[in-house]
């Protein structure tokens, strides 16, 4: 799919300033020079997003200082990242406040940014959560106030709501778009059937269908993004924005000898992650990561870079959301772009053999 490096050293990124926000990436491998597709369409919409985005879950308004958050956003923006994702529930709304303050302080043109937020869990009251017309409209209004913005580019339904009729949710999403509070809407953690239902309702009543599903995707979770979402993309144009490329840090290799202090698994409220890492399955994953580490060394990159590049190599993925708690981590993650051209079919096959979890679609069984 991409040319392989002709040298043993890691591919070098050349950054050249252009009129557009941030920079354009191009990789050189002797000749001819070939430009990587750093910006991709979000699903079949016309919205152009950087293939890497910066997420704010756990970090903004929580794990890191506001100063560090500003440093990370600036670093991301200067390196061509235009997509910044948050949610009303992150740090009980504080993540949106921090994000909004940074955008205002930096004075970046709003038109150069793609800001996305998610609605479902708002306040403690019964009416302050879910996907009712009331909460979608009031929740997004409150989000925009915290962000100090007139609109977000994409508003996501943060999970399905079995207590609200699909037509009500789709009508409310269409309403906030028509009111100029959002440009597009998408889903997060919805099943293919639920997304298909939303699309059908939109078509039936001449409403706006969703353009994107936000899904967890990493080396140990593949089925949805590799089998289910491509079918939806071809049928109805829904794209994939993925999160947790390092499986909450598991794929980074930092947990290979236990739980280090200050890591996400050591935080209050993340006992589930700690249990996952220390489980039998967690130990098996760590053994596989040791084998993957050898491939990373051969390619001249780190394990996190290999894992992120592996997510990016999937053409059905519009953007991979990164989480970072310091500048070095973010720059390392952005460096995954350099690894992407080196993921030849033989390397991918080798990774699949180690993981042993490649999902198969119906058409694979037929062939």
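Glycine is treated like the rest: Cβ placed from N, Cα and C.
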Residue from 28, 48, 189, 264 to which Swiss-Prot assigns asymmetric dimethylarginine: 28
Record feature N6-acetyllysine (Swiss-Prot), assigned residue among 44, 124, 224, 254: 124
Least buried by Cβ count (within 10 Å) of the recorded positions 124, 189: 124
Cβ-Cβ neighbours of residue 325 (NADP(+) binding site) (radius 10 Å): 19
Which same-chain residues, if any, lie at least 6 apart from residue 56 (NADP(+) binding site) yet have Cβ under 8 Å of it: 69, 84, 85, 86, 87, 90, 95, 98, 99
Whole-number Å value for how far residue 112 (phosphoserine) lies from residue 247 (NADP(+) binding site) (Cα to Cα): 29
DSSP state at residue 85 (NADP(+) binding site), helix/strand/coil: strand
